[in-house]
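Structure record follows, encoded as structure tokens.
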Amino acid sequence: MKKNIVIANWKMNPQSAQEARRLFDTITKGIRRVKKTDVVICPPFVHLPDVKSVRHTQKVFLGSQDIFWEEKGAYTGEISSRMLQSFGVTHVIIGHSERRRWLGETDEMINNKIKTALKAGLVPILCVGEWVREIPGEIPDIVENQVRSALKGLKKGDFKNGIIAYEPVWAIGTGRPETPDNAAKAALFIRKIVRDILGKKTAEHIRVIYGGSVNAENAASFISKDIRGMEGILVGGASLRADDFIKIVKSV
Ligand code: PGA
């Protein structure tokens, strides 16, 4: 059976290598006996070599917050899949709403990044979600469009190890999460779209997870008992507080 997964997105934090090491050290010590849940930590690129040196358990996967779609060359400021893999990165967040908003990432760029990650054997964590809450419990068309365009051109089976994070933007960093019931509905909806594009096998194999104001108190409520529901969470703010993040992983 698939394990649930907890992913930490540190975003542009912490500010020094020393703090990054300390945070990673405390978290990986705190969760080294956890067996039933996969854990991925995504620090900023520059902290990857530092945190790698204080990993207390190989069971914690390293992820990055982005990737570039070309493999090498004249792309100032960008990071390639091979560079990431040389630091032990196995997972990559793609299409986070903050990159869509502040860096102008388009659906086409996201689609290219997904293809590059898959080609390199990295696990893509595709982020989708609507900007504003319209009718509670109804998943707006934009989510379907984001999923369809991100997976465009993939062959059946290509994305079977992929992860899709449903992150309603209005819930990110606001302290106002989606309800677990509505999140579970979104998971079903996303799986249905994936089934339509890439077939039943892939739809059953991928993991759909929730992100947006997850904390130590509400984390476990997002994990569905039903295998078709949410199978993990993506945690921003609370992943920067070691105690909270350890509690989140243990509660899941
Ligand atoms: P948050 O962020 O947990 O701080 O709401 C989640 C995310 O952006 O992935």
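Our numbering is plain: 1 for the first residue shown, then up by one each step along the chain.
Cβ from N, Cα, C; glycine included.
Site annotation for substrate in TrEMBL covers Asn9, Trp10, Lys11, Gly173, Gly236, Gly237, and the matching candidate from Ser53, Ser149, Ser213, Ser221 is Ser213. Shown are the binding-site residues Asn9, Ser213; of these, the residue with the fewest other Cβ atoms within 10 Å is Ser213.
Checked against ligand 1, the binding-site residues Asn9, Trp10, Lys11, Gly173 give Asn9, Gly173 in sequence order as having a Cβ less than 6 Å away from one of its atoms. Note on the binding-site residues Gly173, Gly236, Gly237: the fewest other CB atoms within 10 A surround the CB of Gly173.
Farthest C-alpha pair in the substrate-binding residues Asn9, Trp10, Lys11, Gly173, Ser213, Gly236, Gly237: 14 Å apart.
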